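What Swiss-Prot annotates here:
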DISULFID  Cys124-Cys133  disulfide bond
DISULFID  Cys137-Cys149  disulfide bond
DISULFID  Cys157-Cys166  disulfide bond
DISULFID  Cys175-Cys183  disulfide bond
DISULFID  Cys177-Cys204  disulfide bond
DISULFID  Cys206-Cys215  disulfide bond
DISULFID  Cys233-Cys245  disulfide bond
DISULFID  Cys239-Cys254  disulfide bond
DISULFID  Cys256-Cys265  disulfide bond
DOMAIN    122-166  domain 'DSL'
DOMAIN    171-216  domain 'EGF-like 1'
DOMAIN    229-266  domain 'EGF-like 2'
CARBOHYD  Asn72  N-linked glycosylation site
CARBOHYD  Asn105  N-linked glycosylation site
CARBOHYD  Asn194  N-linked glycosylation site
SIGNAL    1-15  signal peptide
TRANSMEM  280-306  transmembrane segment
Amino acid sequence: MIAYFLLLLTCLPVLQARVEVHQEFISSKRVSVRFEIVTESHSPNRPVTFDLFPRGPKTNIILLDTFNPVFNFSIQLVQPFTGQPLGDRIYRKVQFSGTNQPWINDTFTTTSGISLSVATEVTCARNYFGNRCENFCDAHLAKAARKRCDAMGRLRCDIGWMGPHCGQAVDPRKCSCENDGICVSSMIHPSQPNQTSSNEQLICECTNGFTGTRCEIFGFNQFQLTAPRPDACSVKDACLNGAKCFPNGPKVFCSCAVGFIGEFCEISLTTTTPTTVEITVSTSGYSSAVYITVALFVIFSIIIGCFKYKFKPMRQQALARGQVPEPYKMPETKSMLIDPEASEAQKKVFTIEGSVQKIDEEVRYTSAPRKYESNNEYAVIQKSTPPPPSLSPPSIPACHYV
């Protein structure tokens, strides 16, 4: 069911809603509805328009500040897109005897052939109780103090508790309720400072129309029928430490074994020194993120280190291959003919030796590397190479006559 909650304004300002009127609409065809509340003063109210689909129920909730036994409203059916009226406006009236009244069904057919069903119910708003919603009780504050507001708006202990401060558990065996009856405290707690509490006793609250001191008398009422309640003691570990469980409506009563107390017998009165210590380590989302970040950083560092270790020797070898070898330091020797026109007997040749080495580009590229120094293939070929001098050559070149 798709529920639409619409607040309809009445002639009186709703300062604090006490009453809720629920209406459920079902149409045989798709149609739009213009809904309007009709008051006794016939003052104008703002209409509300909503769409209905075939066999699709839709719900309205009207909030009122007071309970009125007569509720009047009007309905105008129109086309969904054009807004053209479908027949005349329909006026309906619903009468209430109290908030405990069941749904009131009203089914009719309009002049346009559309069948419309309207079901209406009146209930009290939140924190209002009674047959006409005349009593106020703050259920939220009562729940915080283990109390509840009963059907008449009276402040009583919550189900399963009793005592002046609702701190004592109720033993359902003292009531012996039948037919899903609930054993509760009858004490009415004061809702005002000047009120006094009533006497307390355990009684049975009956359901599904049963009556009697123990809900043993069958008085079936279809409007008060509720679904069978599951056994509250069927829940796993409803009572702890070997306690006996007794259901009491939606609550349980635990009869604790010797040495245990508490609502569920979870508190031990005997203190013993444990022989073992159990340590539970739980990692939060933040700690897991830190560990993952550190692990990724370590893995990334290892990968970078492997690349450096692998490529550093290769780089050194490449640099070694690219180095230019130094040439041999050989003494420079030159021969010079003084008189080329002289006879063979008269020719004079001077040999000049210097200690200054001259390395030109041709010698640089024709010299052999050091590791091939002993190979004659790379030696410089000269006609007559004098042996190197045993002594250091003089600083001034010397001339020898041949």
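Cβ from N, Cα, C; glycine included.
On the structure: features taken from Swiss-Prot.
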residue: Asn72; record: N-linked glycosylation site; contacts (Cβ under 8 Å, 6+ apart): Ile37, Val38, Thr39, Tyr91, Arg92, Lys93, Val94
residue: Asn105; record: N-linked glycosylation site; contacts (Cβ under 8 Å, 6+ apart): Ser117, Val118, Ala119
residue: Cys124; record: disulfide bond; contacts (Cβ under 8 Å, 6+ apart): Arg18, Val19, Glu20, Thr99, Gly130, Cys133
residue: Cys149; record: disulfide bond; contacts (Cβ under 8 Å, 6+ apart): Asn127, Phe129, Cys137, Asp138, Ala139, Ala142, Leu155, Arg156
residue: Cys166; record: disulfide bond; contacts (Cβ under 8 Å, 6+ apart): Ala145, Arg146, Lys147, Cys157, Asp158, Ser185, His189
residue: Cys177; record: disulfide bond; contacts (Cβ under 8 Å, 6+ apart): Cys183, Cys204, Glu205, Cys206, Arg214, Cys215
residue: Cys239; record: disulfide bond; contacts (Cβ under 8 Å, 6+ apart): Cys233, Cys245, Val252, Cys254, Ser255, Cys256, Phe264, Cys265
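Under the DSSP three-state reduction, Cys177 (disulfide bond) is assigned to coil, being neither helix nor strand. Within the chain carrying the domain 'EGF-like 2' (229-266), a Cβ under 8 angstroms from the stretch's Cβ atoms is held by residues 159-160, 169-173, 180, 182-183, 205, 207, all 6 or more beyond its ends.
In the three-state DSSP scheme, Cys166 (disulfide bond) falls into the coil class. Across the domain 'EGF-like 1' (171-216), DSSP assigns 3 helix, 10 strand, 33 coil.
By a simple count of nearby Cβ atoms, those within 10 Å, the most crowded of the disulfide-bonded residues Cys233, Cys254 is Cys254. It is Cys256, among the disulfide-bonded residues Cys183, Cys256, whose Cβ has the fewest other Cβ atoms within 10 Å in the structure shown. Neighbour density for Cys157 (disulfide bond): within 10 A of its CB lie 26 other CB atoms from the protein chains shown.
Other Cβ atoms within 10 Å of the Cβ of Cys133 (disulfide bond) number 24 in total over all chains. A C-beta separation below 8 Å, combined with a sequence spacing of at least six in one chain, links Cys175 (disulfide bond) to Gly181, Cys183, Leu202, Ile203, Cys204, Arg214. Broken down with DSSP, the domain 'EGF-like 2' (229-266) shows 3 helix, 12 strand, 23 coil. Under the three-state DSSP scheme, Asn72 (N-linked glycosylation site) falls in the strand class.
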